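Among the features that TrEMBL reports, transmembrane segment is placed at 6-25, 37-63, 75-92, 113-134, 140-160, 196-217. If you look up TrEMBL, you'll see 6-220 marked as domain 'NnrU'.
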Amino acid sequence: MTWAGFIGIFALFFATHSIPVRPGIKSRIVAQVGPCGFAIGYSMLSLAMLALLIWAAGAAPYVELWPQLSWHRHAAHAGMLVVCLILVFSIGRPNPFSFGGARNNMFDPTRPGIVRLVRHPVLAALALWAAFHILPNGDLAHVLLFGVLGGFALGGRTLINRRKKREMGSDQWDRLSATVGEAPVLGKPTSWLGAVARLVLGAVLFAALIALHPVVIGVPAL
């Protein structure tokens, strides 16, 4: 893999993420496969392109910027546990502020759950994943990979905020945001059983990522 090939795959990654969601293109695709079909197809394409990009970073010329230290991996493990918990506490939950929410018409701004802490949980998880993976991967290709993806996630918040505010209307957006901001930071969960189940699911997801890392990525996580 040359640097030109790595940059080309990077460009393809961003093209496949930006082109399908353009209003004119997205509407035509949704008309053919429906909103659910679009979401599934777009998610599968995104995962496939992310896998290709990670492979390209590993195959690119190795240019060390800093050596890996033992605490780098410990920090990455702790950070990835947080990432897993953010994901399991956000997926399938109502969240009218971002993508990935379900049953948004049932969102209760007085009991917003994780939305009280993180307005865009999936993007926050992606940004943290990128940040904690930069530490133990101090070569140029991986720093570019995780740095750009982290910036992509942080920049995506602004774009989604603008779009959702436009769709919702400024007044409704402001009222909903104010109500969420007044909710307790660690409010009582709607269901303690559900909260415990999600905690367990987060631990299972973390363990699965550790186990699958050498199989999928080719490098042991521990």
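Backbone N, Cα and C define each Cβ position, glycine as well.
Among the recorded stretches 6-25, 37-63, 113-134, 140-160, 196-217, the one sharing the largest number of Cβ pairs closer than 8 Å with the transmembrane segment (75-92) is 113-134. Within the chain carrying the transmembrane segment (37-63), a Cβ under 8 angstroms from the stretch's Cβ atoms is held by residues 1-3, 5-6, 9-10, 12-13, 16-17, 20-21, 26, 29-30, 139-142, 144-145, 216-218, all 6 or more beyond its ends.
Cβ atoms under 8 Å from those of the transmembrane segment (140-160) belong to residues 6, 10, 14, 53-54, 56-58, 60-65, 97-99, 119-120, 123-124, 126-127, 130-131, 133-134 of the same chain, restricted to positions at least 6 beyond its ends.
Through the fold, the transmembrane segment (113-134) approaches residues 75-76, 78-80, 82-83, 86-87, 89-91, 93, 95, 97-100, 107, 142-143, 146-147, 149-150, 152-154, 156-157, 160-161, 180, 183-185, 187, 189-190 of its own chain, all at least 6 residues removed from its boundaries and within a Cβ separation under 8 Å.
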